[in-house]
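Participant: Provided herewith is a single structure, encoded as structure tokens, for subsequent inquiry.
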């Protein structure tokens, strides 16, 4: 080693120069690792971000949040390091445009939250700064060394600008004000996809606003059953174009409302929900991805950018690279191939998405041979590979479980509210996937029944349906009209939030003290339980979404929990001893290297059900509601709904099992609809991600 140093010094390389060379080499190694990390962040974002539509995993949300926040800072840090280097090689200078490409982001995500769209100004400023830094690196390389990579560098700068501008424009379009302005500009234009959505309906079908579908022509009543999924996609896009104005608080014209109502009334439940599902998926793509660019002339720029990356790869491949480190050359190949691969993945995702069907329908004639060739294979493949458009799970939050299952003490030391809410959500919010299809059919069928109660021009009747909070079920159904006065104190005579929490507790009491499960074709027992826990989740865990009907639900929750704990101290200790036994058993098995109990989770579930049964039986049978003394905290009036819930549960029990659960499920549907029409549209859009 000493001899080598002597030779280098003899050849004119001083020790100081050698130290600088080694230092520069280490800097390049660091930059190489960082830029590969930046590339992998883009890869993970490309493949993970579409999953948030079909997964409610908190872990996935956390990973995406970290990747999204890291993507821009790490790219800027690398670029600043390159700019600050005094003797960077031409090859490293060639890496700078890739950072523009990376910050431009993948096709599958432009915004993590709806608020990111409002910050398009910031992204435009970041683009200006990063482009300026990239140009500084490029000109320094050209001036000092007469850079041999200037042609592919210029090509990649153009590609980076295209990608960054795509993202900025997508954010700009999804901004609330600009989205509203774009709707005003579109007024008066004729959109073939939304001109007469009824034209999308099978031509052998006659719309009627009363009763079921009428059939004419060939008399085949199974036409709708054989309706193609791609036709549903095109129909959903037509509805999306009509309803997107509601996102920015515009109104639906009477003609559009009547047309959509007529089609909805005669749709099979599963297909009506499928159309809504596709509409929401399209809305998600517009607000959180670059899908907006697909239906514009700028989509050609995407093709151009892919071609330029490929040309850069070919140019780089044929150039003399003997003067550069092999590691740096390999990193450059990885960056070029990675950029091409991500573009190809984006193309495949577009071809397998609903947007391909929509664009195909709009721009290619029905009998065109191009359409027949291009769609037959691709659409069939997309049906086989397509992921669910949503998580197919329903979030549930149970008040009694929350009261008696204490959170770990460590949570109170968590200061950041968002992290604290996520941790509590992981502990107490469940997602149920077992009954979603039956619940969907029940909801759509009941909404169709309610829609048939009114005519399009009867505004008073429409308002009455929209304001129903369980009373409409009891008043307009002949079978239940005699029950209306009995249950009225828990429907329209109290505040909405009080009504929801009262019915939630009453549903729990009846559910855990029922004599048998639902035996009908429609399981009203499980539907009632699921909707009850879901509405509790909205009221107590998604308060920004239901802020207009929130009331003093937090105060009611705290007081109800305090009263329940006061009444159930003995029962609570009984259950805790069983749960503690199972936890001790699992801990002992882990310490003795046997692993957790094979039936640990099942046993905990059994204990929890027994625990809930004990509580609900005690509330139903042993608690004399007249003897309960209200708790007064800090001089404020008690807001507990426990006593009223016990009264309601006893009244429901008197109706008999079948009638009780049918009424309960329909009351929950009205309570849910009442909240949904009063939620802000912005809140709905924010929930899509």
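Using the three backbone atoms N, Cα and C, a Cβ is placed for every residue, glycine included.
Below are the features I grabbed from TrEMBL:
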TRANSMEM  26-47  transmembrane segment
TRANSMEM  59-80  transmembrane segment
DOMAIN    65-401  domain 'DUF4220'
TRANSMEM  92-112  transmembrane segment
TRANSMEM  124-143  transmembrane segment
TRANSMEM  149-165  transmembrane segment
TRANSMEM  300-319  transmembrane segment
TRANSMEM  331-357  transmembrane segment
Participant: How about the transmembrane segment (331-357) and the transmembrane segment (59-80): do they have 3 or more C-beta pairs under 8 A, pairs 6 or more apart in sequence?
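Facilitator: Contact between the transmembrane segment (59-80) and the transmembrane segment (331-357): absent, because fewer than 3 Cβ pairs are under 8 Å.
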Participant: At a C-beta cut-off of under 8 Å, are there same-chain residues at least 6 beyond the transmembrane segment (59-80) that contact it? List them, or none.
Facilitator: 31, 34-35, 37-38, 41-42, 44-45, 48-49, 51-52, 95-96, 99, 102-103, 105, 109, 112, 126, 130, 133-134, 137, 422
Participant: So if I exclude everything within five residues of the ends of the transmembrane segment (124-143), which remaining residues of that chain have a CB under 8 angstroms from its CBs? That is, six or more out.
Facilitator: 72, 75-76, 79-80, 82-83, 88, 90, 93, 96-97, 99-100, 103, 149-150, 153-154, 157, 160-161, 164-165, 168
Participant: Find the member of 26-47, 149-165, 300-319 that has more C-beta pairs under 8 Å to the transmembrane segment (92-112) than any other listed stretch.
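Facilitator: Comparing 26-47, 149-165, 300-319 against the transmembrane segment (92-112), the winner is 149-165.
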